[in-house]
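These notes concern the structure reproduced below.
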Amino acid sequence: MPQTYLTPPGGVAQAIYGLAERGELWKHVAISLQRVLTGLLLATIAGVLFGLFIGYFRRVEHHLDLLFQAFRQMSAFALFPVFILLFGLGELSKTVIIFWASLWPILLNTSTGVRNVDIVLIKSMQSMGASKRYIFLKVILPAAAPEIFTGIRLGGSYCVMAVVAAEMIGALSGLGYLVIYSQETFNVPEMYAGIICLTILGLGLNYVLSGIEHRFTRWKRNISHE
């Protein structure tokens, strides 16, 4: 394979340094990170709230499960032309595609976590006269937390993939744009530089989400070790 297509690590490092020195790298990273965090935050709020609701009210989940499964199978990438038609080529369409890609694993994992809470715990609290609100906040929500955070981490992975696609198709900034623009202009070192930065972005986001999960589910590990 010619060296033109497979840039040596030193060449990629020089490309990253050059982009950083010119300020282009930080601009693209900041824009991609902003899009990822905005879409993931909105998806987390909507997915957790609605997932808790449908997981708690089993009849609602029973009636809507088929619809949710159908929506989950709709690829965000396949729907991108629809989002462009509805919301244009601005930031809104990119936020929507990231939101859509991240929403379903969060929503479905949350509802599964609520549904799988040990019924014995709930009945024990009811027998002691605990209110529904107390049971929800002190039993159901903590017990479902591991599943919820698993969904958020999955959503984080999906939103990074979604931002790449969104920036490659309809953007003039961001790491996805940097990769596709470098490929089109045959600037191979900068193309690989963009790919590496996207990988670091995904790993960094997963590391942060894992740290948050570790903090909020520490009690469960303490119980399992006793």
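The backbone N, Cα and C atoms fix where each Cβ goes, glycine too.
Per TrEMBL, the features are:
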DOMAIN    29-209  domain 'ABC transmembrane type-1'
TRANSMEM  36-58  transmembrane segment
TRANSMEM  70-89  transmembrane segment
TRANSMEM  134-152  transmembrane segment
TRANSMEM  159-180  transmembrane segment
TRANSMEM  192-212  transmembrane segment
Of 36-58, 70-89, 159-180, 192-212, whichever stretch has the most CB pairs under 8 A to the transmembrane segment (134-152): 36-58
Beyond the flanks of the transmembrane segment (70-89) by 6 or more, those residues with Cβ under 8 Å of it: 96-98, 100-101, 104, 108, 158, 162, 165-166, 169-170
